[in-house]
Amino acid sequence: MITLKQALSLSQDELETLKNEIDAKVRASDLNAYIKAPSLNGASAKGVPILIKDNISVKGWEITCSSKILKGYVAPYHASVMENLHQNSMAGFGLSNMDEFAMGSTTESSCYGITKNPRDKNRVPGGSSGGSAAAVAGGLAVAALGSDTGGSIRQPASYCGCVGLKPTYGRVSRYGLIAYCSSFDQIGPITQNVEDASILFDAISGHDNKDSTSANLKPTQTFKNLNKDKRFKIAILRDHIKDASSEVQLAYENTLKALKEMGHEIVEKKMLDSHYQISIYYIISMAEASSNLARFDGVRYGRRAQNIKDLKELYLKSRSEGFGDEVKRRIMLGNFVLSSGYYDAYYLKAQQMRLIIKEQYNKIFEEVDLIFTPVAPTSAHLFNYHASPLEMYLSDIYTIGANLSGLPALSLPVAKDPLGLPIGMQFIAKAFDEQSLLDISYALEQELDLKLD
């Protein structure tokens, strides 16, 4: 597939040809990365075609978050990132499959069916932005937008062999993103390479008055300032690597060796055990989800239950029939930790621990420029691999720290396991220092020159 950098130089006629080619490929593909052929969404604005995750509002398109309960909901307005794309010669073209309401790590909970990993169709593409990553890796999209709540851009990027960037919280407007966990959610790019990630990130970044959490900063210019010759002081967290598979640990050590040979300084640091982060993340995210999803009641918009006797039954049946099992599980757990008698024991304590984790990251960043970790404990696994929801939650163990602290992080493919599946590593940077993330990733990408195909 043509890169985003190349596509931006095409004429309008050439772009229309490209869109037709993508549409034909999607119709012929069995990956199920797109919810439907992009031409079926209706008219598309002029510009380079960008695949959009199904929780980002595109005016006039049915946006469902891959959930039955939102079937029939047509977005009445554009998300701010869509307006930004249009101002930068790009446009939405197709909606990607995802875990229902972005709650999952495998893209198996979508009401539209599973998405397959293009590297091995018997394996998951990761989640929740699995459709976006599978499409980019499978040559079905020039680039894509995803959302990252606990690793939902970076983990599928790692599983599929793409570049995935989670910007600093507040760097990219969330206006028009259907919320899962409002204090963690962030929109970001999934692309074929680091240059494309930089271009797409620059296009969607910047202050937005419609988002009260938007940082009052101008759009970034990271692509213009990409510098592969910078040298950085990089922290590693040895205690956190113990949960990774032997293949991931080998890729980690080999990448560290490459970074040292490139002239970067590596230092060891310590912070709170990553298993604490899992507990904190899921308590807070489920609590916020139970609040955010209360609006989907069968009354205001989306799917409504039929043959009901009263308002109470309408509410119960609409939500029971409309939400999938994982979403129901998180709503119930969220309501539990917010309930009288348990709020202080769970939610309040989790918020206090979140501050401690944020302070630990800030303390490390007083001495270093970047932190280097794996993205996931393993490469992409087979479908129906997890024996329990808890096992699935543990797959986020390396990615959630950046969400808890609001820091930017980037996933870069660095190696292949013995089965030929991609393995990604991530860099985490100081708040609003996406430039350093992209600089070191750009240099490492060229140094490794990894060929996945």
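Cβ atoms here come from the backbone N, Cα and C positions, even for glycine.
Taken from Swiss-Prot, the feature active site, charge relay system applies to Lys53, Ser128. Annotation source Swiss-Prot lists active site, acyl-ester intermediate at Ser152.
Neighbour list (Ser152 (active site, acyl-ester intermediate), Cβ cut-off 8 Å, at least 6 residues apart, same chain): Asp99, Ala102, Ser105, Gly127, Ser128, Ser129, Gly146.
The Cβ of Lys53 (active site, charge relay system) has 28 other Cβ atoms within 10 Å, all protein chains considered. Around the Cβ of Ser128 (active site, charge relay system), 35 further Cβ atoms fall within 10 Å across all displayed protein chains. Ser128 (active site, charge relay system) falls within neither a helix nor a strand when secondary structure is assigned with DSSP, and so counts as coil.
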